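Swiss-Prot lists Ser10, Ser16, Gln17, Ser18, Met95, Tyr96, Asn97, Phe98, Thr139, Thr140, Gly141, Gly142 with the feature FMN binding site.
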Amino acid sequence: MSNVLVIQSSILGSYSQSAKLLDNFAVEWKQKHPTDNIVIRDLAAEPLPVLDGEIIAALGGNGELNERQKAAAELSLNLIEEVKTADYVAIAVPMYNFGIPVQLKTWIDLICRAGVTFSYTENGPQGLLVGKKVLVVTTTGGAHRNTATDLALAHIQAVLSLVGLNDISVAYAETLNMGPEAQERGLAEATKAIQAFIAAH
């Protein structure tokens with residue numbers, strides 16, 4: 001039995017293409033692996049606290065903590081534990097104004113912790129969350145792949161690499177706002193990549 005962590009990050013609810021793609025992934029994965037444990041964390045439905053001075057001090061373990069800081073530090077460790085125990089991680093990464101959703105950025109801020117999920121060495125940072133396979137499902141309204149504006153995918157890949165998640169597959173659904181035919185092609189391509197990931201594992 002494997003553990004699968006699914007991270008939803010879209011704010012669009014039932015209108016979200018990335019959410020639909022990732023929901024379909026979870027359903028198809030369960031059909032192939034009925035005994036696997038799937039944990040779904042919806043960052044829009046259950047928002048995380050945004051990083052601020054108090055929280056970053058708590059994550060650094062600086063001094064006596066107030067109740068809010070204690071809760072944030074505990075939440076951070078719980079989020080990290082979800083990743084640690086997962087064999088597979090699937091993440092929805094819709095592009096908003098060339099970046100990632102703030103909800104996803106907040107999750108990143110709570111799991112990227114020096115000495116916990118990565119360490120600094122004389123050769124640079126070394127990730128500590130190794131040995132996992134990741135599926136990134138990214139959606140864009142326009143055509144950005146392999147261009148300077150493909151910033152959402154570049155961001156999440158850099159962050160995942162920082163913490164040791166280097167085995168990354170990408171399902172890319174682009175041109176979703178460029179007409180019905182372009183949308184259909186984009187979704188079909190992403191669906192094919194998702195199915196290939198499932199078939200390979």
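Cβ coordinates are placed from backbone N, Cα and C, and glycine is handled just like the others.
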### Query
Which one of the binding-site residues (Ser10, Asn97) has its C-beta surrounded by the most other C-beta atoms within 10 angstroms?
Ser10
### Query
Out of Gln17, Thr139, which has the highest number of nearby Cβ atoms, where nearby means within 10 Å of its Cβ, if these are the binding-site residues?
Thr139
### Query
Looking at the binding-site residues Met95, Gly141, which one has the fewest other Cβ atoms within 10 Å of its own Cβ?
Gly141
